[in-house]
Structures are given as structure tokens and as C-alpha cells.
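Notes to accompany the following structure.
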Amino acid sequence: MASKNRKPPRVGDQPGFRRALIAAVLVVTAIFIVAPLVVIGVQAFSQGWAVYATAIADPDTLHAILLTVTTALIAVPINTAFGVAAAWAITKFDFWGRRFLLVVIEIPFSISPIVAGVAYLFVYGLQGLFGPALQSADIKILFALPGIVLASMFVTAPFVARELIPLMQAQGRDLEEAATSLGASGWRTFFSVTLPNIRWALLYGVVLCNARVMGEFGAVSVVSGNIRGQTNTLPLHIELLYHDYQTAGAFAAASILAVLAVVTLVAKVLLERRGAGRGGRPTLAANQTVPETTT
Amino acid sequence: MARRVLPGLPLALGITLVYVSIIVVLPLSALVYKAASLGFEDYWRIVSSGRALASYRVTALSALAATAFNLVFGFALAWVLVRYRFPGRRFIDALVDLPFALPTAVAGIALTALFAPNGWFGSILGEAGITVAYTPLGIMIAMAFTSLPFIVRTIQPVLEDLDPALEEAAQSLGGSDASIFARVILPLLTPAILAGVSLAFARSLGEFGAIIFIAGNQPFSTEITALLAFIRLEEYDYQAAAAIASVLLITAFLMLAVTNILQARALRYTARG
């Protein structure tokens, strides 16, 4: 300490400035981030436990929870398989158009969920590309579970891939090449060599993907048709209750998703301690994740 | 050159291409096709209508204000998290991601409850004569909430990697804190700040769920563009919905290009330093 004291403090380290800045940031954080979380709990329980329990046990709310969980159970595993496949193809091989493919995978990040929903309408809706054919075949995609799943898969398409790609890029191909040259099959190589190295990043991507699928509002709102007790996911059900002036019910339903958000944050912190999530900075495109390989 | 010793390229690339084609490319192409089939005159009439123009204005201005707010608050937050040690720092660090984790509809009703005239903050602000809920200010707050992590998480890692030797050199040459900050630290952070700003701005332009609860949604004053597209859809005016959605899509692609250029520059900068 004594030797350090001879140096001037770092920029911005004067005690007065430091304390003032920390205090200011804490106050704004409390107003801006903590208060929204707290108000959900307060509003949900504003009329007591009994009302809360009744609101949660309402058949429409239970159905919305079921639909949200079902959507996640379908969309997240498919998305995960896609993310792993995309990361394997992009990081373990060189092929023409690789960088372009990366940008395309990340496109959903930059697109408004409403645009995504409208776009799906023009594929599967009656006024869309396949709508008339689907109707004559009596296949229901829009305003039903398949549409909700598809829209959820659109908005979360980059989630798993973007966690894996920077990591697998950094890890290189040597281990896999060694395994296959020793006679291991492709699947064996993946499960015994690659997967143990990427498991935390994979789980990290899955956790974030799941949170987004369960919370998606805009895109799902367009394609679901908002049929109460049928195609209302939990976020849509919250909107419906809220506009019905059932505030306690809306906040009770919202509290479930708020708990999910908190659990997601805790999982995120725990996984980051294991080294996941370090590769990816917030991004609209994957430009920086794969440096141009020089041949 | 590339030795293709590893197996699985056809399968992995096949899955990737099929998924990307069906999930991402097909719907966006369908939207572009639908908007393009309108013909230039109809398209122009819809996207330049008074109500649409008003929606672009309120969306863009609110997004600008939200980004400006986040630039100041987000930068201060990143600075405090990186440079200072205080009790609760890790907790705050984890909380920064709440806007990513909290579903937008939940954020929307929570912010409305806080800022409504009878809410915790709304009642205080109301006495000062400031109305937040159901005004563009409400839109700004919702946008600022959802886009905050973009700014913090782009600046934070660069601030962490900043070489203390640069500051020490400037200090030994007699620079004041203010001048070191302005002439040494800020220039090094500028690429990251710009990248974060463009990400936050792009996110704000497309935000929907958090905004519609707090915005009031009055045409010509508090109606954002994404909502206008949604309303046209509910009116079964599919052509107008396609045209307005295509404006959002084009804007998103422009922002994507800008962000890419900024991030590529930011990376070159950090790679050199």
C-alpha cells in the first residue's frame, strides 16, 4: 500500500467523485431496473394471497402457462439442434459463403418481432404464399400452436449458435481431428470430445433461448390470433387480462414470468462463472465472432 | 489448404441451411414479395401517409432520446462496474441483464404501473407537472429500459481491457483527470460506444411489447411504427401492413449494416491496441 500511495489515484478515483457517481448510478438503477421488478410482486399480491392463488389457478391462465411451456418444449430443442449444427458447420469447416451464413443467422436479432409476425402471415396466412394450399389441405399453422412455435423459432434463431460459434472457433479443430484420425466416428467425436468442451456455453445459450421463447410477445401476438383459452401464451394472456382491467390477475401472471427472468439471471451468473458467455458481446451480426481465416 | 478430415459437414450444413431457409429467409422473402407486389405508387402512398410519417417521427425521436439517456446512464453504469469496488457490485452487474431476461410485456405493464398518474413515480412526477405514461416520454422510458444492456455490455469489456499504463503516462505528463478522460480514455472507448449506441438505437426502433402498454397509442402522437403495422393487420389491410412492416425491415437492415461497419472498426481498433 505504501508504495502505491505515491502514485496519483486513477482517473475518477477521487473519493468524492467516486462516491457521488456510485450513488447516482445506484439510484437510477433502483428506479429504472429494480423498481419494475418490485412493482410486479407488489401488484400481484396487492389483494392478498387468496386473490393471487385464484388468479394463477384460473383455467385460462393455466392454459396459457401450458401453451407457453409446450411451445418452449418444442422450439428450444429444435433451436438447440440447429444451433449446434450451425456452429459445427461454421467452425469446423471452411466453405464459400460462411460469413454470409453467419450474418443471415443473426438477422432475427435486428428485426422487430412485429415484422417477424407479419412476415409469417404472408407465408402461412390466407393471403400468403402457402395459405390457400394449407387451407384446402385442412392444415392449421397460423392461429394455432405451429405458428406460435415457428414465430418463436424465428426470434430465437441466433441464440444457441452465437454462444457456441465464438467458443468453438477459439477451441479450433485439433482435438476433433485427433479423435477422428484415431478412428472415432463423427458422433463419437462430437459427444466425447466437442460436447464436454462446449457444455456450459450450450446450456447458457439454451437458458437464454428458453427465456426469450417463453417471453416472446410481438411476433407471437401477430400469429396466434389471441384466442382466449386456446392460443394465448402467457405474455399474451397478461395483455388480455391487463386490458380487461384485471390488474391483479395480469400481475399475477406476470409474476410467473418475472420469476423465470430472475431464475434466468441466476443461471446466467452461475454459467458465466464456469466461463460461458464470455465470447459473445451484444451484437446484431456475427461479424466479429469469426475472424477471417487466412488460408 | 483446408483438409476436410472431420465428418459431418453435409449433415450439419444441411440442417443449418434448411432451418435458416424455412425459419428466417422464407418469411422475410414473403414479406418483401408482398410489399413489392403493391406497385410503387400504392406503396409510396401507404408509407408516406400522414399517420405513417407521424409514427416514424415518434419512433425515431423516442429512440434517439432513449439512446441518449442510455449513453449517459449506461456509460456511468459500465464505468462504476469496472472501475470501482463497492458492496453489491456483482448484484448490479447481474441486474443489468434484467431487461434482456424480463419478457417485454411484463416490462411494459411494470413500467406503466410505476409511471401511470397514480403509480409510485408517476404521482411524484405528476406533481411536478410531468406526465410520463401515455406520452412520448413513456415510449422513451420503455425503449431505454429494453435497450440498456446493449450499451453497458458493449462498453464494459473494452473498459476492462483498457491499459492502465496509458492513463499513468498521461498523469505523469501532468494531465488533469478531465483532460485524460477526454483525450485518452474516451477516444479509446469511442468505437465501442458507437457500436453500443447503434445496437441500442436499432433495438429501440423495433421494440413493441414494452411500449404499447405505456404509450397510449394515439395515432399521430404516441403511435409507434410497429404498432401501426399491427393495427393495419387487425383491420385486415394486409397491403398496408406489408408496406409498413417493410419500412421497418429496411430500417433494420440499414442499422445492421451501420452496426457491422462500426463493430468491424471497433474490433480493428482493439486488435491493434
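Think of each number as a place in line: the chain as shown, counted from 1.
The backbone N, Cα and C atoms fix where each Cβ goes, glycine too.
Only residues 6 or more beyond the boundaries of the transmembrane segment (B:12-36), in the same chain, are considered here, and those with a CB under 8 A from a CB of the stretch are 43, 238-239, 242-243, 245-246, 249. Annotation source TrEMBL lists transmembrane segment at B:12-36 (among others).
Among the features that TrEMBL reports, transmembrane segment is placed at B:56-82 (among others).
Residues or ranges marked as domain 'ABC transmembrane type-1' in TrEMBL: B:56-259.
Positions annotated as transmembrane segment by TrEMBL: B:94-116 (among others).
The feature transmembrane segment is assigned by TrEMBL to B:128-152 (among others).
Through the fold, the transmembrane segment (B:180-202) approaches residues 63-64, 66-67, 70-71, 74-75, 147-148, 150-155, 157-159, 162, 166-167, 170-171, 252, 255-256, 258-259, 262-263, 265-266, 269-270, 273 of its own chain, all at least 6 residues removed from its boundaries and within a Cβ separation under 8 Å. The transmembrane segment feature in TrEMBL is assigned to B:180-202 (among others).
As annotated by TrEMBL, transmembrane segment applies to B:208-230 (among others). For the transmembrane segment (B:208-230), the list of distant contacts is 50-52, 54-56, 58-59, 62, 103-105, 107-109, 111-112, 115, 132-136, 138-139, 141-143, 145-146, 241, 244-245, 247-248: same-chain residues at least six beyond its ends, Cβ to Cβ under 8 Å.
Positions annotated as transmembrane segment by TrEMBL: B:242-262 (among others).
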- Under 8 Å Cβ-Cβ from the transmembrane segment (B:94-116), and at least six residues away from its ends along the same chain, one finds 77, 81, 122, 125, 132-133, 138, 141-142, 145-149, 152-153, 207-214
